[in-house]
Amino acid sequence: MEIGNARLARIAAHMLPVRAEESSIWRECTRAKGASAGFKVALLGACGGIGQPLSLLLKLNPLVSTLHLYDVVNTPGVTADISHTDTTAVVRGFLAQPQLNAALDGADLVIIPAGIPRKPGMTRDDLFKINAGIVKTLVEGVAKSCPNAVVAIISNPVNSTVPIAAEVLKKAGVYNPRKLFGVTTLDVVRANTFVAEVVGVDPKGVNVPVYGGHAGVTILPILSQVSPPFSFTAEEVDYLTNRIQNGGTEVVEAKAGSGSATLSMAYAAAKFAESLLRALKGESGIIECAYVASEVTELPFFATKVRLGRNGIDEIFPLGPLNEYERQGLAKLKAELKESIEKGVQFVHTAAK
Ligand SMILES: NC(=O)c1ccc[n+]([C@@H]2O[C@H](COP(=O)([O-])OP(=O)(O)OC[C@H]3O[C@@H](n4cnc5c(N)ncnc54)[C@H](O)[C@@H]3O)[C@@H](O)[C@H]2O)c1
Ligand SMILES: O=C(O)C[C@H](O)C(=O)O
């Protein structure tokens, strides 16, 4: 049926940018039966440098039936824009704190890239002052509105924001360590890319485990366990390890004050989300590196390979054999990672007083 100009004008006048579905004219003129079978994903910080491309990639994922975009700015525009892509996921936007609980209600997966990025000269830990409070507030919302959701944290410093999230969930009595992840996929994506460049192969077929955490020396690529196995000279190992550990800084400096990695991060997060959703759906044998609560080392959080399942983490793999270079790297990262974890835990306990 062709819709006449008068009706089009009425539709335009009634379209609500945040939730078009709530306007009576939208209901009158559409035959949508609601979301298809699939997962409800909430993205917090959806209008930022990572949030926008990640929103688009999630909207393209057939495993996502409902996509909730939450931010403190710009969600009406981003939601309207993304919602016009002809894929099945239903997109709804939520603006600022009063809409946080609605954004999270019933979510299966919550992805958090909210917070400020680095500028040249800053460490990720320099972001703690602002991002710690943002992550705390958002995870308090998770505890209240979707305590069974899988939570994937991108906001830096990941080494501290994940322990913050764990403490918030513990305080609320809903902590499930199998469902809380710090997203370190970008380290793996970078490692695969740089190794493929050095050995001259397609990065698609390369898989480099990256252990530890997500900042400087705490990022520990395990080149002795690369799949398929390659041998590297000592110079290559040094070059690759330094480049992988400083990949984030390389982007921050190239962007010269306008932010940090956004496009590669959105790609990495979409990849990780796809693995989580496939596992939640029941697919077996899905393995990713992620920063999780762990007993693999004496540290309470550590990134290693984890097998994903219907309930989040099914298995955390041990470190496996490390060479002397990697053992030294492991020894070196522990003090910094321990301090970052304690800083996160302390933040929640101090804030409670
Ligand atoms: N884990 C990783 O590998 C990785 C990679 C890249 C960036 N990051 C981190 O991701 C974060 C975001 O980076 P970006 O480039 O997208 O930054 P950005 O500034 O472009 O976007 C951040 C977004 O968060 C929103 N925001 C701020 N406070 C919020 C709140 N209380 N609730 C909801 N949304 C809020 C902002 O409005 C903005 O839209 C940074 O902390 C960055 O360091 C992590
Ligand atoms: O480097 C940053 O500050 C952002 C992110 O952690 C990255 O690794 O790109």
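Each residue, glycine too, has its Cβ placed from N, Cα and C.
Caution: TrEMBL annotation is automatic and unverified by curators.
Feature annotation from TrEMBL assigns domain 'Lactate/malate dehydrogenase N-terminal' to 40-182.
Here TrEMBL flags G45, A46, C47, G48, G49, I50, G51, D71, N131, I154, S155, N156, M265 as NAD(+) binding site. Mapped onto three states, the DSSP output places G51 (NAD(+) binding site) in helix.
If you look up TrEMBL, you'll see R118, R124, N156, R190 marked as substrate binding site. Remark: R118 (substrate binding site) has R124, D126, L127, N156, G248, V252, G259, S260 as non-local neighbours, by Cβ distance under 8 Å and separation of at least 6 in sequence.
The domain 'Lactate/malate dehydrogenase C-terminal' annotation in TrEMBL covers 184-348.
In the three-state DSSP scheme, H214 (active site, proton acceptor) falls into the coil class. Residues near H214 (active site, proton acceptor) in space but far in sequence (CB under 8 A, at least 6 apart, same chain), listed by position: R124, N156, P157, V158, N159, G182, T184, D187, Y291, A303. Annotation source TrEMBL lists active site, proton acceptor at H214.
Of the chain residues outside the substrate site list R118, R124, N156, R190, P117, P157, V158, H214, A215, G248, T249, V252, S260, A261 have their Cβ within 8 Å of the site's Cβ mean position. Residues near S155 (NAD(+) binding site) in space but far in sequence (CB under 8 A, at least 6 apart, same chain), listed by position: G45, I112, P113, A114, G115, L127, N131, I134, V135, T161. Residues near C47 (NAD(+) binding site) in space but far in sequence (CB under 8 A, at least 6 apart, same chain), listed by position: L69, D71, V73, N74, T75, G77, V78.
As a summary of secondary structure, the domain 'Lactate/malate dehydrogenase N-terminal' (40-182) carries 65 helix, 30 strand, 48 coil according to DSSP.
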